[in-house]
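Okay, structure first, notes after.
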């Protein structure tokens with residue numbers, strides 16, 4: 001492996017299959033032009049993987065209560081909102097069936113019935129547009145490969161493991177849907193008894209959707225291994241989300257990613273170590289290397305850094321939803337090429353996605369510049385206090401943002417207070433247990449800095465993190481996090497609501513930002529650290545007694561209050 005122009009890590013010439021062409025210039029642009037029109041959902045955002053299924057289940061319940069549709073029909077009318085984004089193959093077949101069911105079996109006036117049918121028709125059309133674009137994408141990729149095909153690398157040629165987890169998860173969700181349907185008669189109100197079967201059908205449909213996803217992934221991954229596949233030379237790198245971004249072979253400045261895919265690196269030597277007298281030493285060395293790699297990966301994620309740009313050979317025909325394999329240059333000089341197999345499908349990067357990323361980056365840079373000024377002010381304050389010799393121990397504790405978060409959670413929990421029957425007890429005792437475990441730390445967290453390091457009070461006891469073992473101190477969104485270099489230390493985090501626009505308008509600094517800035521100043525400059533050594537009282541008491549009080553009070557309220 002060598003470093004070529006633009007800092008690209010190059011593959012050895014012997015690792016590139018004979019005749020493999022670079023995917024660059026007009027060929028790559030032709031593939032990008034084959035993407036579906038703007039407005040067609042190609043890339044699912046993270047929240048959609050949980051948010052859309054929840055919307056579908058809730059929507060099915062509402063349709064079951066209010067439209068007169070049979071339970072299975074209400075579920076069928078709600079599921080296309082998931083299929084259009086996450087599984088268009090299902091929407092292509094079942095969305096028109098849902099339209100017919102709504103029009104024929106719906107028991108509501110024609111105006112809302114036609115509105116729902118129109119919405120389902122739009123989702124169906126979006127799925128068709130997305131699937132129709134896959135053909136031109138495949139044709140553009142095959143034209144770029146110019147008929148050159150080779151078998152997969154030996155390390156990737158075994159039985160595909162794609163879909164194993166999804167098969168199990170799909171079965172669990174489908175069974176859960178059946179359980180909800182079977183227990184629908186336990187609900188108290190007639191509306192709930194009508195909505196619960198529809199929600200159960202929808203949950204079962206989501207389970208079957210996951211099983212379909214698993215089957216498609218396994219089938220497509222197996223197709224790569226059945227015969228020689230087209231190959232193309234590309235450039236790849238890991239993005240801040242640890243997904244692999246794929247660029248044209250001549251895009252050495254990484255201006256325009258073509259698509260992303262989640263991958264994992266295969267170990268060509270297998271997982272088993274060599275037998276022999278030095279097996280324990282080798283295992284210890286491997287564990288140390290793995291821990292170092294994990295720390296490097298976590299640092300990259302925390303700092304939102306991308307990996308180096310590397311040359312790679314792409315095996316397969318890339319298109320929306322395809323399975324691919326890479327033979328890529330290693331990230332370390334002197335290491336042999338690595339084989340990376342997909343653990344997710346190809347997701348094209350659209351022009352709209354690029355504009356959204358650029359806008360987010362510019363907004364983040366402007367926001368960070370504003371906060372940096374306030375962080376410097378906080379560090380100066382620490383420096384002044386330390387110089388005076390007045391600070392022996394430094395402490396930070398929960399404040400108004402944490403108490404506000406608790407009030408918001410309690411207001412949400414009060415929504416279930418008027419429920420009756422087993423539903424009230426189920427949610428009441430469940431929320432009480434969660435509150436007893438989580439609220440004490442939210443209300444009473446404390447971080448203590450002394451000459452030896454940081455102390456964090458906890459549910460049972462305080463934990464110490466020496467200064468030289470700190471890996472990261474940062475605020476990210478609504479989270480304040482401190483983590484260690486050693487894997488045995490569980491990262492310490494707290495969360496709170498934030499309104500950045502209000503902070504900017506008022507010119508104030510969130511307490512979490514101030515805490516992170518002051519801890520960071522002490523971590524990076526030993527002269528600013530406190531000189532004293534804290535005792536058990538100063539480090540903060542265990543918070544489990546507060547959890548006991550919350551649990552007793554909550555259980556009593558659920559049991560005895562009307």
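Every residue, even glycine, has its Cβ placed from backbone N, Cα and C.
Quick look at what TrEMBL lists:
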type     : residues : note
COMPBIAS : 266-291  : compositional bias 'Acidic residues'
REGION   : 262-291  : region 'Disordered'
TRANSMEM : 46-63    : transmembrane segment
TRANSMEM : 69-86    : transmembrane segment
TRANSMEM : 93-110   : transmembrane segment
TRANSMEM : 116-133  : transmembrane segment
TRANSMEM : 166-186  : transmembrane segment
TRANSMEM : 198-217  : transmembrane segment
TRANSMEM : 400-417  : transmembrane segment
TRANSMEM : 423-439  : transmembrane segment
TRANSMEM : 542-561  : transmembrane segment
**Study point:** Recorded stretch that, among 46-63, 93-110, 423-439, has the most CB pairs under 8 Å to the transmembrane segment (198-217)
**Key:** 46-63
Practice item. Go through the chain and flag residues at least 6 beyond the ends of the transmembrane segment (542-561) whose CB is under 8 A from any CB in it; none is fine as an answer. Key: 424-425, 428-429, 431-433, 435-437, 439-441, 443-445, 457-462
Review point. Cβ pairs under 8 Å with the transmembrane segment (93-110): which stretch of 69-86, 116-133, 166-186 has the most?
Key: 69-86
Point to revise | Close approaches to the transmembrane segment (69-86) from elsewhere in its chain (Cβ under 8 angstroms; 6 or more beyond its ends) | key: 41, 44, 48-49, 52-53, 55-57, 59-61, 63, 94-95, 97-98, 101-102, 105-107, 116, 120, 123-124, 126-127, 181, 194, 197-202, 204-206, 209, 213
